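**Student:** For reference, Swiss-Prot lists these features for the protein:
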ACT_SITE  244  active site
ACT_SITE  278  active site
BINDING   221, 222, 223, 224, 225, 226  NAD(+) binding site
């Protein structure tokens with residue numbers, strides 16, 4: 001199977017064979033071979049050759065290609081949504097919203113480029129001070145599996161708009177979505193070599209990240225892989241590295257008047273996408289006492305009725321599956337480990353079918369666990385921690401190396417202002433689900449959650465670098481010379 005797209009041609013990979021599977025049925029959806037290091041090098045050379053011509057095109061020319069890509073996405077919206085649902089397990093209604101986000105990214109990126117990285121000028125003495133931006137050159141984009149269309153798109157679109165050429169390495173769990181997305185770019189008329197698709201697993205990724213011919217790497221994925229990349233790029237200030245990783249995100253619940261509103265917001269924060277959004281609430285901080293007990297009782301009651309099912313099930317489920325049987329096993333093992341170390345199950349996460357990656361929502365009270373691991377459990381397993389007072393809640397919320405998202409459910413604006421001020425996170429919400437984010441706002445975190453604000457409005461900042469110029473059309477000897485210089 002021709003699984004790679006290099007220099008405008010579909011080619012068979014020469015590396016390790018792999019497949020993508022429907023996580024519910026285990027049906028084979030895609031099969032092919034990954035790119036070898038030699039094929040990665042060929043793709044890098046193709047991108048390098050294509051870069052000057054693409055970068056020299058006018059901005060309007062590049063925008064026209066991006067707009068044609070948006071049109072192609074719309075033309076293939078149903079097919080793309082179904083492919084996303086099949087490979088990730090997310091319900092069709094959610095997959096359709098992902099395609100819509102991909103389309104909307106075009107206009108947002110164009111607006112962002114004009115506002116953040118366009119050209120600005122003004123007088124400075126007898127010259128003109130000009131600020132322009134230039135593309136880095138050849139950049140690699142590593143995509144995740146949870147939003148295999150939208151999140152890589154959030155790097156690729158602004159990178160191409162700025163004039164870079166791109167090497168796209170998608171998750172090995174979602175190669176079919178990546179292939180279909182690249183075909184939409186081809187349909188849009190993107191020149192050969194400007195975007196190259198390198199399918200493959202770990203070895204392909206290692207070869208691409210280590211290739212000396214890339215000028216930068218834009219990554220969305222796990223903190224473990226992101227940390228490896230950060231170490232690999234250490235001592236290389238000549239290469240731009242943008243990392244958007246996960247989080248051990250806290251959602252603090254104050255004693256609010258509307259318990260059902262709190263419960264609904266918690267569910268949307270913890271269990272949407274089967275808990276596979278990097279902004280999902282991982283830790284739920286609940287006050288000690290009778291009110292907190294009532295909240296948890298209602299949360300368990302409602303969560304136990306959440307519909308879980310296949311991506312195309314009708315009526316539509318709220319939750320689909322996690323991405324693979326391996327992911328399901330890791331989550332079930334994590335739950336067992338917590339329970340063995342003193343946690344109390346409030347709602348058991350279960351795997352109804354052994355050969356299916358469908359999991360039911362789980363809620364576990366970990367307050368009594370002495371050494372809680374600061375890790376992202378990427379799935380529908382919510383950890384509850386009881387707190388004595390608001391100061392203790394904020395301290396607990398910040399007790400993590402991550403810093404992606406944090407939220408507060410409270411009727412007190414004063415408490416929110418305190419929470420916002422003292423929270424260490426790139427996204428801080430008040431009375432809204434943690435998983436709600438606007439593409440027009442910066443998306444990303446601090447600490448172990450990453451550096452730049454990847455895949456959103458602020459992506460323009462790392463897709464081009466600023467060039468400051470002082471310009472005047474004529475070279476003129478100044479009337480007053482610097483002391484100590486004589487032209488006589």
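The backbone N, Cα and C atoms fix where each Cβ goes, and this holds for glycine too.
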**Student:** What is the number of other Cβ atoms found within 10 Å of the Cβ of residue 278 (active site)?
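**Tutor:** So the Cβ neighbour count for residue 278 (active site) comes to 29.
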**Student:** List the residues in the vicinity of the NAD(+) site, defined as same-chain residues other than 221, 222, 223, 224, 225, 226 with C-beta within 8 angstroms of the site's C-beta centre.
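**Tutor:** So the additional residues around the site are 219, 227, 228, 229, 245, 246.
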**Student:** Relative to the Cβ position of residue 225 (NAD(+) binding site), how many further Cβ atoms are located within 10 Å?
**Tutor:** 17
**Student:** Near residue 244 (active site), which of the binding-site residues 223, 224, 225, 226 can be found within 10 Å, Cα to Cα?
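**Tutor:** Those near residue 244 (active site) - Cα within 10 Å - are 223, 226, in sequence order.
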**Student:** Can you give me the Cα-Cα distance between residue 221 (NAD(+) binding site) and residue 278 (active site) in Å, rounded to a whole number?
**Tutor:** 9
**Student:** Check the Cα distances from residue 278 (active site) to each of the binding-site residues 222, 224, 225, 226 and keep only the ones within 10 Å.
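**Tutor:** So the list reads 222.
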**Student:** Would you find the one among the binding-site residues 222, 223 whose Cβ has the most company, meaning other Cβ atoms within 10 Å?
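**Tutor:** Per the Cβ count, the most surrounded site is 223.
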**Student:** Across all chains shown, how many C-beta atoms besides its own are within 10 angstroms of the C-beta of residue 244 (active site)?
**Tutor:** 28
